[in-house]
Amino acid sequence: MNLQVEVGGLKLKNPVMTASGTFGFGREYGEYIDLNQLGAIVVKGLTVNPKEGNPPPRVYETPCGMLNSVGLQNPGINAFIEKELPFLRDYDVAVIVNIAGETIEEFAYMAKKLDIDGVDGIEINVSCPNVKKGGMAFGINPEDIFNITKEVKKVTQKTVIVKLTPNVGDIGVCAKAAEDGGADAVSLINTIAGMAINIDTRTPVFKNVIAGLSGPAIKPIALRMVYEAARAVKIPVIGMGGISSFKDALEFMIAGAKAVAIGTCNFVNPNCTIEVIEGIKQYMVLNNIEDINEIIGSLKVD
């Protein structure tokens with residue numbers, strides 16, 4: 001049985017990845033699961049300088065999901081390279097680093113700095129909807145997506161993935177802009193812009209008012225967008241958004257995703273990624289499927 005997939009030149013032992021921002025730097029989950037079993041670890045978003053993030057509250061539970069407004073809290077790229085990357089190098093798993101810049105120059109600077117041993121890929125975060133400055137403005141403009149991708153590709157030999165925001169009119173146009181800029185793959189979707197209100201105080205739950213919705217509630221939207229993106233580009237698509245079971249993962253792959261990323265479910269069930277991998281294996285056995293690639297893009301549409 002072959003579970004191996006290739007995403008933009010990156011060979012993964014299986015198609016199951018972690019979604020940035022839900023798995024820390026891998027260390028946090030290392031005591032719960034065997035990290036070597038994962039297809040790839042996508043670490044939480046990094047910025048040039050350390051970032052404290054947004055004031056609390058940062059997380060708010062909703063029916064079938066959650067809103068978050070973390071604000072890209074992270075130690076900065078230098079601290080990651082010095083303190084976190086050595087830990088990840090000890091594992092036999094692809095490491096993809098998510099970067100969030102406030103200017104095109106910052107994206108290029110970080111990508112160049114990460115062109116080092118132990119980093120297998122770079123995910124350009126143009127889509128985080130809970131930060132007042134940075135990503136959001138880039139992610140809604142296809143021209144900006146193209147320009148950032150082009151500049152990042154100039155300075156790195158690593159696999160470059162562009163993470164797209166769902167808060168746009170035509171996801172296919174944005175995916176094509178990333179492809180035209182030289183992206184090796186696109187990943188989608190990031191969180192959907194949402195909000196919550198405290199009816200007693202009549203104030204927003206979050207200081208930033210707008211937050212990012214994730215979890216099972218967004219899965220049908222994510223699935224539709226992955227389907228549209230896969231039809232719009234020739235480069236691989238990584239699907240995510242509300243995946244909490246192997247059945248969810250298979251839906252995304254049948255729709256055209258070459259790999260999938262699991263996010264919010266990690267908070268509820270730290271073993272979710274492993275369960276999805278095992279579930280896919282069982283599905284393949286039951287359906288006499290020898291190669292996972294037979295499933296990808298196999299949707300039958302009349």
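Backbone N, Cα and C atoms are what each Cβ position is placed from, and that goes for glycine too.
Positions annotated as active site, nucleophile by Swiss-Prot: Cys128.
In sequence order, Thr18, Ala19, Gly21, Thr22, Ser214, Met240, Gly241, Ile243 are the residues of the chain that are 6 or more apart from Gly263 (FMN binding site) and have a CB within less than 8 Å of its CB. The feature FMN binding site is assigned by Swiss-Prot to Ser20, Lys44, Gly45, Asn98, Asn125, Lys163, Ile189, Gly215, Gly241, Gly242, Gly263, Thr264, with similarity to another entry given as support.
When secondary structure is read from DSSP and collapsed to three states, Lys44 (substrate binding site) falls in the strand class. The annotation substrate binding site is assigned in Swiss-Prot to Lys44, Asn68, Ser69, Val70, Gly71, Leu72, Asn125, Asn190, Thr191.
The two recorded residues, Ser20 (FMN binding site) and Lys44 (substrate binding site), have Cα atoms 5 Å apart.
Rounded to a whole number, the distance between the Cα atoms of Asn125 (FMN binding site) and Lys44 (substrate binding site) is 10 Å. The two recorded residues, Asn125 (FMN binding site) and Thr191 (substrate binding site), show a Cα separation of 12 Å.
Of all the binding-site residues listed here (Gly45, Gly71), it is Gly71 whose C-beta has the fewest other C-beta atoms within 10 angstroms.
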